Every structure is written in C-alpha cells, then in structure tokens.
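Structure first, commentary second.
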Amino acid sequence: MEEVPHDCPGADSAQAGRGASCQGCPNQRLCASGAGATPDPAIEEIKEKMKTVKHKILVLSGKGGVGKSTFSAHLAHGLAEDENTQIALLDIDICGPSIPKIMGLEGEQVHQSGSGWSPVYLEDNLGVMSVGFLLSSPDDAVIWRGPKKNGMIKQFLRDVDWGDVDYLIVDTPPGTSDEHLSVVQYLAAAHIDGAVIITTPQEVSLQDVRKEINFCHKVKLPIIGVVENMSGFICPKCKKESQIFPPTTGGAELMCQDLEVPLLGRVPLDPLIGKNCDKGQSFFIDAPDSPATLAYRSIIQRIQEFCNVHQSKEENLISS
Amino acid sequence: MEAAADPGNLAGVRHIILVLSGKGGVGKSTVSTELALALRHAGKKVGILDVDLCGPSIPRMLGAQGRAVHQCDRGWAPVFLDQEQSLSLMSVGFLLEKPDEAVVWRGPKKNALIKQFVSDVAWGELDYLVVDTPPGTSDEHMATVEALRPHQPLGALVVTTPQAVSVGDVRRELTFCRKTGLRVMGVVENMSGFTCPHCAECTSVFSRGGGEELAQLAGVPFLGSVPLDPELMRSLEEGHDFIQEFPGSPAFAALTSIAQKILDATPACLP
C-alpha cells in the first residue's frame, strides 16, 4: 500500500518534497526546491480587496445535496432583512452552481466595471456572484480540472467589485479538494470568521462531515457550528413527524458532542423550502411561521453573535 | 471486440456502467449499491468501483467499513462482500487509516489514484462493473472516463432528484456525457415522493416530475422513480441488503425494475 500517497505535507511546509508521503509524487522535486513555498502574490491583493469586507463565512459540507446552497441563500436573505447590512453571496461551486436558480437570478449576466466585475444585485444590499452568471446557456457544463477552477476562485475574490460589505457568505461544492483549499488559502491573509458546516441526520452524511471537520482543523479554519438540515419531516396532512433520513447514530447532536463543536440548530424538512428554491424565492416570505423558518432565524442569530463576539475580541486586541 | 491497448485487469469485465450526477446527495451511491445488489440477485457477478475520493459512502452502505484491501500478484484484491465472491468493492475508504480522516487532495493526486483504481484492481471475471462517482464534472470524472475509454463502457446512468435545482445540475452532466462521448443509458429520479407512515398521504418533499421531464428534454430513456423510503435509508445506514430484506417496500419495485431495464439494455455478449 506504500504507493498510495497519504498526507501531502503541503508545498509551503518545511517537509515539502522531503516527507515520506512525497516519495513517488511527480511534484517531489519541485516541492523540495522550495519553489512552491513562495506565496501567491494574489493572497496579498485579496487581502487588500477584503479590507472593506467585515465578516467572511464559509458554508461547507463533506456531503453533497445536504442543503449548503439553500442554507447560504437563506442566510443571505435573513441577514439582508436589515437594510443597513450589506451582504455578498459568492458561489464557488464551479461545476454545479445552484445559487443563481435559488436566488431567482437565472439568466443574469455579470457586468464589467472600471473596478472589476460587478456582482448581480438582488436587493440594494444583497449582491451575488456565481460562475452561473458567466455561462451562456443553462446546459453549459463547466468541465474544468482543478487549476482552472482555482483561477476562477481567485478572480472571484480579487476582481469582483464587492464594495463595503458586512457579511461575505461563500457557498462551496461538496468535498475537501481544490475549491476548498483554494478559498481558504486565498483568504488566509484576509481572515475568515469561520465555517458553518451543514449535514443531514444519517450516518452516511455524518461520516463525510466528520472528514470536513478534520479538514477545518487541518487548515486551521474556525468552526462556527454545525446545522442539521432535513431533520424530521412533518406530514402536511396529519401533522405527525417521521424521520425520512433517520439519525441511526445519534445524528448531528452526538457527532457535535464527540467532536466538541457547537450544534447551531436543526432545520426540519419542509416541502415548501424546496419549492421556493425552485422558484427562486425566499422561503421566509412564503412561510414566515413555519418551524423551519423559526429554526433558520435562530441559527442566523447565533452566527451573527459569533461574528460580533469575535470582532470585538479582535478590536480589544488591537486597542490594548 | 478488439482490445485497445492492454485490457489488463479489466479483461474479465464484460460491462462497465458509470453512475453520474451533477448534483451531490441525490443518491448516486444508493443507486450504485442497490443496482449492484439487484444485479447480483439476478445471478450476475458484480463489482463496484467507488471513485468518490473525498466522500466515499459505499463501504458503509454495504457494511464493509474497516475492511482492508490486500495486495495480490495481479494488483489490489478488491473487498469481497459475500461467500460466493459475487459482489466485490474497491473504494478509497479501504485505504484510510482512520475513517474520519479527510482526503484533502487536489486534482492531479486524485487523477493518479483513479488511474490506479482502473488499472490495478484484480477484479477477475465480472458481468458488471458499476462505477460510482462524486458530484460534478471535474477531475475525477475526466480521469475516470479517460481511463475507462479503452474498455468501452456500456454507458452512464444519470441520477437526479425531482427539484429544478437538482435537474439544473444534471442537465450540465448530460452535456458532459455528450462532450466526452459517453452514452446515457437513462435517467433515474430518486427521492420522488414520501408516503407518510402515519396517514399514508404521499407528499412530494422535493417537488415532482423533474427526472422524467429532463429525460424527455434530453431525448434519453427514463428508467424510473425511486420513492423516499425510510426502510431503504435504514438498510443503507446499517449496511444491510435492502433488495433481500424488503421485497414488499415501494422502493424495491422501483429499483428492481431499473435493474431489469439495465439487463435488457445490455447487448448479449459472446462468451
């Protein structure tokens, strides 16, 4: 099994090209020469650009289809209800961008301005950017390998004219690969507040999410907390609850206890959520009193609190 | 059939089917697992190759977590899941020391492992090799399609859920198939409708009809809708054989009929 490369130490570490796992890697010589250690100049440029962005939140999950984009969109909708809060929603799912559809912005195009790409504005205080806005037809597939996807993410962070923003929400594709490494590296100097991790209750999903939590530890990304989505289904006819995705191993709650990360809340399955996403509307407007809306609102509040506490901590550090 | 290059370890594999979807969490691994089980119950020898490197789900769905692959003189021996050795599996999950370890790999490294998976697994004689893929249209997919091309895969099964958001991603996957010359064997709609166990009311949790519409639009066969079924979820969670244990459940009928359509679509093969 020795030929399977296990843990790449990373091109910028002291072990680059020298670790046991580097044996046989085609990039071994390049890494060992130290050429990989020079930081990408874009990191500094992105840091400059991000000076006008107060909080940066990543929405992650190891598993696909658990509701990352739905959550990102509704986090944006929820925060944007306060007219004085500027929200930017960035979709870095390059191969499967869902945000344009969920936000009702399908078919919109990005405009070039003097200071870069201008995001598509849903409201005055809610700007959206996605690779979906750069495609000419909804059938267009973005069949790109890693380096090209990374280039796109770099452009999204460096060349989009976001302006003054309170919250930048970054929606990611499933997994722990190019897109995730890139966004964390590019934003490294600019400081990310943390990651919100989405899961569904089943073990098949949790096992991927544990990997994602380990990824966060590996890249030193703070975890704001975990959201359990699709948690229970209330039959619209008899109002009784059933578990469509049964939490056979204790669900997100037990996982959070084991891994010592906060559980931000549980969002029940509500057929209206999917319907509204398909129509590109905010679910909060259609179902203001639904248990799912209430769950969302409480989670959004906890995320805001997390960001504020951390901001004031930093300000204290600077002033002291 | 003239063999391009050296067929190597895939020489004994008759038919290769890829399971694809642009969207994550729609049930690619579920469909792969249940298709493999159904084909096995139809008397076929089946292998599953799980090329989802960052989120391998199949070992758990078949109750094979913690098993290890062994080196044999022809390469890696896959993990056999039954006494008769009629169902075998290869997944990155078997190569990890700790199950929670994250495989934080960029494209080139993933491509290298996929090439190895295609060339170095000693499958032996198989009627079907089902290849389960991660979501998207990126490195893993290109690497898999390229590596399998000389072995002339039978085609791809494209999985979607009924919502427009999912169908949108799957449309892009169909474009991927067209561009890479992969035949689409058909579309499977998963998670269509949930029958309340209390009052038997059927609710379209993720709206409805998307899969069939997509198949029509793309001019490819529609293979069927699999309803949301807690028995199916539980079997997958616990690694049980759903096809064997719940022949009365609604998902069973759907899954076996899909498997039958695959069997019917398979050209008779000269021994």
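Note: Cβ is positioned from N, Cα and C throughout, glycine not excepted.
The ATP binding site annotation in TrEMBL covers B:G22, B:K23, B:G24, B:G25, B:V26, B:G27, B:K28, B:S29. According to TrEMBL, the [4Fe-4S] cluster binding site annotation covers B:C196, B:C199.
Overlay of TrEMBL annotations on the structure.
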residue : record                        : contacts (Cβ under 8 Å, 6+ apart)
B:G22   : ATP binding site              : B:P135, B:G136, B:T137, B:D169, B:V170, B:R171, B:R172, B:E173, B:F176
B:K23   : ATP binding site              : B:P135, B:T160, B:T161, B:V165, B:S166, B:D169, B:V170
B:G24   : ATP binding site              : B:P134, B:P135, B:G136
B:G25   : ATP binding site              : B:P135
B:V26   : ATP binding site              : B:V159, B:T160, B:T161, B:S166, B:V170, B:N190, B:M191
B:G27   : ATP binding site              : B:V159, B:T161, B:V188, B:N190, B:M191, B:V226
B:K28   : ATP binding site              : B:V19, B:L20, B:S21, B:D132, B:T133, B:P135, B:V159
B:S29   : ATP binding site              : B:D50, B:D52, B:S57, B:I58, B:M61, B:D132
B:C196  : [4Fe-4S] cluster binding site : B:C202, B:T203
B:C199  : [4Fe-4S] cluster binding site : none
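DSSP gives B:S29 (ATP binding site) a helix state.
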